[in-house]
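Please read the structure below before turning to the comments.
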Amino acid sequence: MAEYSRQIRTPEDNYEYLVKIAEKKVKGPVLHLFLKAILGGWFAGLGGHAAFVLAASYYKENGLLGTPKVAFGLVFTSALLAIIFTGTDLYTGNTMSFTFTLYKKRIDPVQFGCKILVSLFGNYVGAVLAALILSGGTGYFTPEVGPGNPYMKLIAKYKTQQSFWRVICSGIGCNCFVCLAVWSSYVALDAAGSILAIVILITSFAVGGLEHIIANFYTLHACWISQTGITFVDVYFRNFLPTFIGNTIAGSLFLGLPLSILYGGSPKVTEDPEEELLPA
């Protein structure tokens, strides 16, 4: 029989690999995590801005939204690719990997809560900075300067006029896709496999119109800056709060806990112990 080399990690190995990455992140310097989270939020804003510029070019009032959604999704994958490949930080992925590490008792609940809030706040700073510089600075989505304002008005209306519970459910669905993208990017042992997994899963959440808290940090601040008519209450209480709740439930309870029950009892890892861990 011909020999072959395995190109993916087993689920048990991948679980342990992510536990080690998360443990290193939680027990490392707070400033390092905060800076990585700022970069993660900035990358989300970079990908979001480029994706909205492309999607807006396909948008026609009262037309079908399939093409703008696909265009947005394909370009927005650049955000998670940048985060994974630079070893920076994303809150929504941490809801899963930090839960793994808490389940394995490598960290305590206080460490979990403190570091995950550092991650969230850093992502917020980076994403808002991107909205100010990219959307505010370029003016692409403002009525007076750029052609993207009608599309951003549609996005702002969609994201701030849904019911609280509907946004929570949308946030749950979204972070299932995002956490699966993070998980799958480490299952693959080569860059091509990681890229393919991320592109498919992130495009799927975008096409589904689901709610992601870090992406929304950029998106709704960009909408706010671009004079789309939304208010502070619309942004923070009608979207950010329920999206945060839904994303956190998905990462910790829908994926983090079940995968821990399935794979958390197998501490043996076949990876080379000298292999350097990438801080994700």
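Think of each number as a place in line: the chain as shown, counted from 1.
Cβ from N, Cα, C; glycine included.
Some features that TrEMBL has for this protein:
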type: TRANSMEM; residues: 33-59; note: transmembrane segment
type: TRANSMEM; residues: 71-91; note: transmembrane segment
type: TRANSMEM; residues: 112-134; note: transmembrane segment
type: TRANSMEM; residues: 164-183; note: transmembrane segment
type: TRANSMEM; residues: 195-220; note: transmembrane segment
type: TRANSMEM; residues: 240-263; note: transmembrane segment
Could you check whether the transmembrane segment (164-183) packs against the transmembrane segment (195-220) - three or more CB pairs closer than 8 Å, residues at least 6 apart in sequence? yes
Under 8 Å for C-beta pairs, could you tell me which stretch among 71-91, 112-134, 240-263 has the largest tally with the transmembrane segment (195-220)? 71-91
So if I exclude everything within five residues of the ends of the transmembrane segment (112-134), which remaining residues of that chain have a CB under 8 angstroms from its CBs? That is, six or more out. 25-26, 30, 33-46, 48-49, 89-91, 94-95, 98-99, 101-102, 213-215, 217-219, 221-222, 224-225, 244
So which residues does the transmembrane segment (240-263) touch in its own chain, when a touch means Cβ under 8 Å and the partner is 6 or more beyond its ends? 11-12, 15-16, 91-100, 103-104, 120, 164-165, 167-176, 178-180, 183, 211-213, 216-217, 220
